[in-house]
């Protein structure tokens, strides 16, 4: 966001208190002149704590952005007025409330449309947009691992895997991705008979050796930020032949597992090419209809340009993203600026 826009979003001295008396929640003086951008947020307490950190709120205030908690006990239409609604709550009732609100308040930007988020809550549909793209250009190729969905009957898994032609080892992930700790727990299965120990509904993905490092690609509108995280280690052919069973792992891509400062082989540590990420992000924004999400990407070990997307998450833990405060606040201001230009154009 340009410096003059930042300056325009500061209150005019002497008018702030007068405007507050007219409307205690908003000091609307008319964009793009002096105004406040009001962002209503509906987040879990855990998400609120990780996202709305003091540094973000302080920077937002300096840029003229006010975060206001949405009261779940009051009708949404009775609250505000809001310029933007940020949300990450689950449940059919909440989705309906938001959809109704979007229809009656088209002037408010809802991040993001509930119907667009839904496919990311199911790992069967989560990666479909990437699979449909099969992105390949001079900078590399991006695909998804071969996978199989098992909805019930664990005893049928070995035969289903054989019939599908999936190769061991296999990563097992819960089918539902609702942001809970359980939905991010992984298992690695080394032999087909141990697959019966897994608990459907789940998705089985072929494990791709990737040097034990994954890339978390954070997307905020058109901004892209990439960080390295430690991941599951490679599995050798010898290890596969000598190992049996199912091994469970907690969430592997957590803040404590940062690999950004680790002494890694350059062929493993090298970030995916920027032009490839920009094309991928642009196409996914269009196909998914989302502006706030992240990708977990891996590079196939032994290659330089073969990448796989293994997970997509809506409104991820931006608090772990470097410089997220500046990136996010600039993004919010750009939404309001774009809407103002559209109205006045």
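The chain as shown is numbered from 1 upward.
Any Cβ shown, glycine's included, is placed from N, Cα and C.
TrEMBL annotations: computationally assigned, not manually curated.
What TrEMBL records for 47, 88, 184, 216, 313, 317 is 1D-myo-inositol 1,3,4-trisphosphate binding site.
Residues or ranges marked as ATP binding site by TrEMBL: 123, 173, 205-216, 231. Neighbour density for residue 209 (ATP binding site): within 10 A of its CB lie 16 other CB atoms from the protein chains shown.
Every protein chain considered, the tally of other Cβ atoms within 10 Å of the Cβ of residue 296 (Mg(2+) 1 binding site) stands at 19. Residues or ranges marked as Mg(2+) 1 binding site by TrEMBL: 296, 311.
Here TrEMBL flags 311, 313 as Mg(2+) 2 binding site. Residues near residue 313 (1D-myo-inositol 1,3,4-trisphosphate binding site) in space but far in sequence (CB under 8 A, at least 6 apart, same chain), listed by position: 120, 177, 179, 293, 294, 296.
Taken from TrEMBL, the feature domain 'ATP-grasp' applies to 136-344. Mean model confidence of the domain 'ATP-grasp' (136-344) amounts to 91 (pLDDT, 0 to 100 scale).
Annotation comment: TrEMBL describes 1-24 as region 'Disordered'.
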Alpha-carbon spacing, residue 216 (1D-myo-inositol 1,3,4-trisphosphate binding site) to residue 205 (ATP binding site), which is rounded to whole Å:
18
How big is the Cα-to-Cα gap, in Å, between residue 215 (ATP binding site) and residue 311 (Mg(2+) 1 binding site)?
11
